[in-house]
Amino acid sequence: MTKLARWGAATLAETARNVRADAGFYLAILLYTTLGLLLLQWTGADDRATYGVYFAKWAVVFGLFFPLVALIADGAMVVHRFDRRRKLAFSRAFSQKRVAWLLAGAALLMAFVLFQGTFTSLKNAMVYWQGGFLHDRVQADIDKWLHFGVDPWRLLFAFGENDLTRTVVEWNYNVLWFVLCFGALFFVVTSPRAIEVRGRYLACFMLVWIVCGNIFAVMFISAGPAFYGAVTGDEARFAEQLAFLAQGAANPNSAVAYQDYLWSLHEAGATSFGSGISAFPSIHVGLVALNAIFIAEYSRRLGLMAWAYLGFIVASSVYLAWHYAIDGYASIVLVAIIHYAVKAMARREKEAAGTVPAPSPAPGATLTAS
C-alpha cells in the first residue's frame, strides 16, 4: 500500500469515528424532524411542509462554497509561509485530522438541511395555528414606550434616511450576515481548532432556532413593521418608513423586495425557500448574539467588535422594518440564557466524567459536618 493510500485509509477511519461521535446531533435532527412532521400532520398543516427547496441550495453552500473558501484559505496560508515553514503549514492544512474533521463536519452540515426544512415548515404553520398575527400592535406599543414615546425607526431615520445608508444596511443584513453566521457554523463544525467549543456551539445553535424561532415565535406571533398595516389595518404608523425603503426596491439586496415576496407567498397560502413570516423574537439577532458570546470567550478585543456588530444588526433589523426593537432585545436575553444553560450542563458532564476539576472552595471556606 502506498503512503497516499495509507493516509487515505487512515483519514477515512478517523472520519468515521468523528461521524459516530456526532451521533447525538444526528439523533437530535431526526427527532426534531419527526416531531415536526407529526405535529404538522396532527394539526392538519402538513401542506406547510417545505423541504425540497433547501437541498440544492444547502448542498451548494456547505458542500461547495464554504469548503472551497476553506481550501483557498488553507492554500493561501501555505503560500504565505516562508520556505522553511511552508512544509509544516502544508502538513497542518492537509493533515489527516484536518481532512477528517472537514469530511465529518460537512456530512453533519448536510444533515442540517432536514433541520432547516423542519424549521421553515413549522414557521409556515404558525400563523395557521394561531389564526393570524395577534401581537403586532402590543409589541409596537411596547417598543414606543421603551424608546420614550417614539417609534424607534424614527430615531434611526433622524440620521440614516439616505440612499447610501440604506444600501449599506441592506447589503450587510442580507449578504454579510449570512456569510458571517453560516461561515462561523461551518468553521466550528469542520475545524479541529474549534473542537473545544464544537458541541456547545452546535447545541446552542440548534436551540436558538427551536426556542426563539419556533416556541417563542408561536407564543407571541407577530409579523413585524413591514406587514403592520396589513395585519392591523393601521397603514399610517410605518408608512413613511416603508415609503423610503421602497425607493430601493430595484436594488439586488432590497429588503422591500424580499418582504413583498414573503407577503405574496402568505396571501397565496404557498410555501417556498425562506417562507413564513415571524418577527418576535429575531433569529437574525439571535445568531449574531450567539457568535458574540462565543467570540468574547476567546478574545476580549474581538468580543467587543462582535458585540458592536450585534448592536448594528439590532438597529438594522428595525431600520429595514423587519423587526420591532424588542424582537432583538428578547433574542439577546434568550440566547444568553441558552448559552449559559448549555455551558453549565457541559461543565457538569465534564466534572462527572472527571475531565474538569470541580470549582475550589472560596478562600477561607471550611467544610463542616452536619
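Placed from the backbone N, Cα and C atoms, the Cβ positions cover glycine too.
What TrEMBL records for 23-43 (among others) is transmembrane segment. Among residues of the same chain six or more beyond the transmembrane segment (23-43), those with a C-beta under 8 A of the stretch's C-beta atoms are 49, 108, 111-112, 114-115, 117-118, 121-122, 125, 128-129, 202, 206, 210.
If you look up TrEMBL, you'll see 55-79 (among others) marked as transmembrane segment.
According to TrEMBL, the feature transmembrane segment maps to 99-119 (among others). Beyond its flanks by at least six residues, the transmembrane segment (99-119) meets 11-12, 14-15, 17-19, 22, 25-26, 29-30, 32-33, 36-37, 49-51, 54-55, 58-59, 62-63, 67, 70, 185-186, 189-192, 195, 206, 209-210, 213-214 of its own chain at Cβ-Cβ distances under 8 Å.
Averaged across the domain 'Inositolphosphotransferase Aur1/Ipt1' (141-340), pLDDT for the predicted model comes to 94. Taken from TrEMBL, the feature domain 'Inositolphosphotransferase Aur1/Ipt1' covers 141-340.
Counting same-chain residues at least six beyond the ends of the transmembrane segment (171-189), those with a Cβ under 8 angstroms from any Cβ of the stretch are 61-62, 66, 69-70, 105, 108-109, 197-198, 201-202, 205, 253, 255, 258, 284, 287-288, 291, 309, 312-313, 316-317, 320, 322. Taken from TrEMBL, the feature transmembrane segment applies to 171-189 (among others).
Residues annotated as transmembrane segment in TrEMBL: 201-228 (among others). Long-range contacts of the transmembrane segment (201-228) within its own chain (CB-CB distance under 8 A, at least 6 residues past either end) are made by residues 25, 28, 32, 115, 119, 122-123, 126-127, 129-130, 132-136, 139-140, 153, 185, 188-189, 194, 234, 237-238, 241-242, 255-256, 259, 263, 277-283, 286-287, 290, 294, 318, 320-324, 327, 330-331, 334-335, 338-339, 342.
For the transmembrane segment (273-295), the residues of the chain that approach it from at least six positions outside its boundaries are 50, 53-54, 57, 120, 123-124, 126-127, 133, 135-136, 139, 173, 177, 180-181, 184, 197, 201, 204-205, 208-209, 212-213, 216-217, 220-225, 227, 262-263, 265-266, 302-303, 305-307, 309-310, 313-314, 317, 322-324, 326-328, 330-332, 334-336, 338-339, judged by C-beta separation under 8 angstroms. Per TrEMBL, transmembrane segment is recorded for 273-295 (among others).
TrEMBL lists 302-322 (among others) with the feature transmembrane segment.
Residues or ranges marked as transmembrane segment by TrEMBL: 328-346 (among others).
Outside the transmembrane segment (302-322), and at least 6 residues removed from its termini, the chain residues within Cβ reach (under 8 Å) are 152-153, 156-157, 160, 166, 169-170, 172-173, 177, 180, 224-226, 238, 241-242, 245, 255, 259, 279, 282, 284-285, 288-289, 291-292, 295-296, 328-329, 332.
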